[in-house]
Amino acid sequence: MIILFDVGNTSIYTGLSNGTNIDETFRMNTDIHKSPDEYFVTLKSFIDPNVITGVIIGSVVPLVTQALIALTEKYLKLKPVVIEPGTKTGIFVKADNPREVGADLIANAAGLDNPHPTLIIDLGTANKLIYVKNQMITGVIIAPGLQLSIHALDGNTALLHEVDIKVPKKYLGNNTIHCIQSGVVYGTIVMIEGMFGRIREEVGEDFDVIITGGLSSLILEHIRLDIKQDKELVLKGLLNIYKKNIK
């Protein structure tokens, strides 16, 4: 089995693949203080390490990247594929400094299975809108994610506190909890809807839209756009990149 690590700032979205399909997924908490040994103990609670024959790491957290590399080499006796400059991805990047482009953006783009221009909406710690055409990332929008927005209100105001991410029944709230939920959740929905129109004006062409990420189901239910969902898009991209880099 091939293990696919998508390391985000909040969690490590992990997939297991037979080389063709994504067979199983699970999440581990991202913790920059965890040692390779501790991550291995956590990993063993999900999968028998003896069945792992390949590893790929796509990460936006350098300390965790190093921990997973050490885990792979020490316990699995394997050399992992790591998405970094020089790794074959099949994705081109239109950017002032391509080295700054996150592994998550590249893996999402690599997960697409059609040649049509596509806007990928990835909802995580940060919300990313990634425009891909002809296997090239031509532009990206990054905004605070839902949980990050709630943390910001909780951490920087005296009277507003952290609330659960839920969709309130109406836009105009009548208590603090519903007011925050409306601002964060509906605010994200309206941001996406508004950016969709502005992006279409800018690119001057029709495009597919795919939504992914841990909170994609919540947003998809209420957004007024024709969108397809693919929760495993980033893992599919990691698998495609892995195949390009094994001998």
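Every residue number used here counts from 1 along the chain in the order it is shown.
Cβ from N, Cα, C; glycine included.
Just so it is clear, the model here is predicted, and its values are computed rather than measured.
DSSP assigns ASP104 (active site, proton acceptor) to a helix. Every protein chain considered, the tally of other Cβ atoms within 10 Å of the Cβ of ASP104 (active site, proton acceptor) stands at 27. Among the features that Swiss-Prot reports, active site, proton acceptor is placed at ASP104, with the record citing sequence analysis.
The feature ATP binding site is assigned by Swiss-Prot to ASP6, VAL7, GLY8, ASN9, THR10, SER11, ILE12, TYR13, THR125, with sequence analysis given as support. Counting every protein chain shown, the number of other Cβ atoms lying within 10 Å of the Cβ of ASP6 (ATP binding site) is 28.
Annotation source Swiss-Prot lists substrate binding site at GLY102, ALA103, ASP104, LEU105, THR176.
The K(+) binding site feature in Swiss-Prot is assigned to ASP122. ASP122 (K(+) binding site) falls within a strand when secondary structure is assigned with DSSP.
Between the candidate binding-site residues, THR10, THR125, THR176, the densest Cβ environment within 10 Å is the one around THR125. Taking CA atoms as the reference points, THR125 (ATP binding site) and GLY102 (substrate binding site) are 13 Å apart.
The Cβ neighbour count for GLY8 (ATP binding site), using a 10 Å radius and every protein chain shown, is 25. THR176 (substrate binding site) carries a helical DSSP state (H, G or I). The Cβ of ILE12 (ATP binding site) has 22 neighbouring Cβ atoms from other residues within 10 Å, across all protein chains displayed.
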